[in-house]
Amino acid sequence: MAFTDLLDALGGVGRFQIVYTALLLLPCGLLACHTFLQSFTAATAPHHCRHPANYTEASTNDSGAWLMATIPLNQHGVPEPCLRYTEPQWALLKSNASPHAVATEDCKDGWVYDRSVFPSTIVMEWDLVCEARTLRDLAQSVYMSGVLVGAALFGSLADRLGRKAPLVWSYLQLAVSGAATAYVGSFSAYCVFRFLMGMTFSGIILNSLSLVVEWMPTRGRTVAGILLGFSFTLGQLILAGMAHLIRPWRWLQFAVSAPFLVFFLYSWWLPESSRWLLLHGKSQQAVQNLRKVAMINGRKGEGERLTIEVVSTYIHSEFASVRTSNSILDLFRTPAIRKVTCCLMVVWFSNSVAYYGLAMDLQKFGLSIYLVQALFGIIDIPAMLVATTTMIYVGRRATVASFLILAGLMIIANMFVPEDLQTLRTVQAALGKGCLASSFICVYLFTGELYPTEIRQMGMGFASVNARLGGLAAPLVSTLGEISPVLPPVSFGATSVLAGLAVACFLTETRNVPLVETIAAMERSRVKEGLSKRDTERKSEEISLQQLGVSPLKETI
């Protein structure tokens, strides 16, 4: 009997599973606010050079005339953001005056920002414009670097220390570092705390998903996993609303960080995964957790009858050959695990680079960023409903592969839409982002089901590292647009299609299949599948020979 049979005996998908899943997914939703927060806290407002302190506007009461006399206009008739005239050019106020051959200089006295939409951002506060404009992207890259380090660190720690301890610490770290970010006085300190915040992303997402999957019976895993995607979508919608209501960046930063202190406090109630406890010889604590589950699910009698010996009858065959080592080499040690790992490396990287390439820079669409953020969140809802349905009734492999390929084709098709049709380009990009978001959350669940319990968290951590590499690569790929505008969409689209084909060709289906507990069990399953496939091929060949009137034995002779 498998461990999932024990969960079914204790109530299946009962009150415990519902409450437990809700408490874990709520923080995941607000985590999305931090991922996309810089779309608002680092938004770039229209700006132009500040005039020297010794200049005065006394010579004219018309601020527009003063601006025309001191700031040159670009080809679109908008004040240049990074240049000013060395001396006020009052002659330009005449209708027949020409600005050609007028000396200009860089902005030496700072900038004046249009604060009608954004009262304050980090760009305004630290003047991250003109020569310093790359620092804005650097801040986001620092955050993604933190996510990368967190994926490697927390993935390994969770297999050694359990799922709960890294999760509780991640809540506290995000609450403290997020609140501290709202009070920093320098850009360097801001980047340090953003790095610490990024580290917690993987600690929260990976451990939350593992706890949900490992406490959920087989029939509830699909819905529980896809709810993680809906929580992330809800977080994007919450961010759009909060950013619209709370415009100053420091207050917005604090508002999305403070709730994690509440999550830290209630997370002490969450029980550790009994699967992990049993794998590491902590049977007594595992039995206590299982009794708590039985009581909450209204199966107190079944819980009281549980003993270490009874639990062992459910898991002895599954856990008997668990290895004690937890090395990254375990992900490549055997053929079945090696194939899964290599394929997932491609899938996670490709999905991430395309997703963040679309979702991180909302201002490029030329519409209200609050509207675009809301649209990018809303579009995920129908996409994930379709993903939920297909994962339940068709399977994980077909769902992930289809969404990745469809997203890639949409991204490539979008480059044929004229630049002046910004609304159409935005809608089509939102559809592609919806497909990528759905495939992202599906592959989270798929990865958790493909890896055995003894290395599941390490495998998910390693896969997440590849996703973070994709997140780091996305801005670099976007810069290829300076060489040719077709390179970014072709790169994003092609990698997405490649990932979809990899899923379709190399990964096995896990729908309604109990979780594998050990590497040895996974290898035995692979051998059985190989023998079954050879038997099927041999029988098919024998039938073909018989239809031709040839005896299989004579043919062999």
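Every residue, even glycine, has its Cβ placed from backbone N, Cα and C.
What TrEMBL says about a protein is an automatic prediction, not a curated fact.
Quick caveat, the model's predicted, so the values are computed rather than measured.
Annotation comment: TrEMBL describes 65-511 as domain 'Major facilitator superfamily (MFS) profile'.
Residues annotated as transmembrane segment in TrEMBL: 167-186 (among others). Residues 27, 31, 34, 126, 150, 154, 193-194, 196-197, 199-200, 203-204, 207-208, 211, 250-251, 253-254, 256-258, 260-261, 263-264, 267-268, 270 of the same chain, all 6+ positions outside the transmembrane segment (167-186), place their C-beta atoms under 8 angstroms from a C-beta of that stretch.
Away from its own ends, the transmembrane segment (192-213) comes close to residues 20-21, 24-25, 27-28, 31, 34-35, 139, 142-151, 153-155, 158, 163-164, 166-167, 169-171, 173-174, 177-178, 180-181, 184, 221, 224-225, 228, 270, 273, 444-445, 448-449, 456-457, 460-461, 464, 468, 515 of its chain (Cβ-Cβ under 8 Å, at least six residues beyond either end). Summarising the annotation, TrEMBL assigns transmembrane segment to 192-213 (among others).
As annotated by TrEMBL, transmembrane segment applies to 225-245 (among others).
Distant neighbours of the transmembrane segment (251-270): 20, 23-24, 26-27, 30, 33-34, 37, 40-41, 164, 167-168, 171-172, 174-175, 177-179, 181-182, 211, 239, 242-243; these residues of the same chain sit at least 6 beyond its ends, with a Cβ under 8 Å from one of its Cβ atoms. The feature transmembrane segment is assigned by TrEMBL to 251-270 (among others).
Residues or ranges marked as transmembrane segment by TrEMBL: 340-359 (among others).
Per TrEMBL, transmembrane segment is recorded for 365-386 (among others). Sequence-distant contacts of the transmembrane segment (365-386), counting only residues of its own chain at least 6 positions beyond either end whose CB sits under 8 Å from a CB of the stretch, comprise 36, 39-40, 43, 226, 229-230, 232-234, 236-237, 239-241, 243-244, 359, 403, 422-423, 425-427, 429-431, 433-435, 437-438, 441.
Taken from TrEMBL, the feature transmembrane segment applies to 398-417 (among others). Within the same chain, residues 347, 350-351, 354, 358, 383, 387, 390-391, 424-425, 428-429, 431-433, 435-436, 438-439, 442-443, 446, 485-486, 489-490, 492-501, 503-504 sit at least 6 positions outside the transmembrane segment (398-417) and bring their C-beta atoms closer than 8 Å to a C-beta of that stretch.
Using a Cβ-Cβ cut-off under 8 Å and counting only residues 6 or more beyond its ends in the same chain, the transmembrane segment (429-447) has close neighbours at 205, 209, 213, 221-222, 225-226, 228-229, 232-233, 344, 347-348, 351-352, 354-355, 358-359, 365, 372, 375-376, 379-380, 382-384, 386-387, 391, 396-397, 399-400, 403-404, 406-407, 410-411, 414, 459-460, 463, 496, 500, 503, 507, 510. TrEMBL lists 429-447 (among others) with the feature transmembrane segment.
Below 8 angstroms of C-beta separation, residues 36, 144, 331-332, 376, 400, 404, 407-408, 411, 429, 432-433, 436-437, 439-440, 443, 447, 450-451, 459, 462-464, 466-471, 473-474, 477-478, 488, 491-493, 495-496, 498-499, 502-503, 506-507 of the same chain, each at least six residues beyond the ends of the transmembrane segment (340-359), sit close to that stretch. Residues 21, 25-26, 28-33, 36-37, 39-40, 205, 208-209, 212-213, 252, 255-256, 370, 373-374, 376-378, 380-381, 384, 387-388, 391, 437-438, 440-442, 444-445, 448 of the same chain lie 6 or more positions beyond the ends of the transmembrane segment (225-245) yet place their CB under 8 Å from a CB of it.
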